[in-house]
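Asks: Encoded as structure tokens, here's the structure I'll be asking about.
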């Protein structure tokens, strides 16, 4: 089944619906770095309604509303605004994401960057697309000429270790970047960045970019270099994932720096 037309349609509708001004924002209880706005809920409701109509019987996991249909083999995973802190602050470096898991494997995903007018889609075995045009990440030449994104949340329990790794990377690459959102991963997919690393990632942050980056030719693993698993889903919902996404030629070099 081709999921790309649906993803393109629903992400464009969601991007058009997203308010240009975020309005008031709050933080999630016990998570002071996790900002939420009314738009997060509005966009998730829209995505959920469209998926329920187009994919009856599929499960839906949304960042704001949780898991519905946990026994379904096929589950849509939604992040209505990835990078809400950026959105709430007026930064354009945020996105809307929807990814499809079948048997725990990411098989399709889409990322909209509404403020930039960019839409990225991918389906396993069918390639990656930017605004309808197929693309693939260029070959990386080495850490010394690469920009590397490293996401660190304000309340990260791994902050000190993150700073140590970031400092080691800064002396080996052309420069560090930090949008701390799907914007960073999209830059890796297109080849603008050589890699993106993040130690504090949830399932809704990972499913859509996972398939997009792999279809673009990027290696997408955890910090240990192992494949990321999303099963069982009931456990994955509460799991903190680490992500090391890099062009194949850089991934092994990054593993040496991390470890």
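Keep in mind that glycine also has a Cβ here, set from the backbone N, Cα and C atoms.
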Asks: Quick check on the annotation: TrEMBL has 79, 81, 82, 205 binding Mg(2+), so which of 63, 64, 215 does it put in that site too?
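Replies: Looking at 63, 64, 215, the one TrEMBL places in the Mg(2+) site next to 79, 81, 82, 205 is 63.
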Asks: Pick from 63, 79, 82, 205: which of these binding-site residues has the biggest number of other Cβ atoms within 10 Å of its Cβ?
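Replies: Neighbour-count leader: 79.
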Asks: Counting only residues 6+ away in sequence within the same chain, which have a CB under 8 Å from the CB of residue 81 (Mg(2+) binding site)?
Replies: 18, 37, 39, 40, 43, 87, 94, 95, 96
Asks: Around the Mg(2+) site (63, 79, 81, 82, 205), what further same-chain residues have their C-beta within 8 angstroms of the site's C-beta centre?
Replies: 78, 80, 83, 84, 95, 96, 97, 182, 202, 204
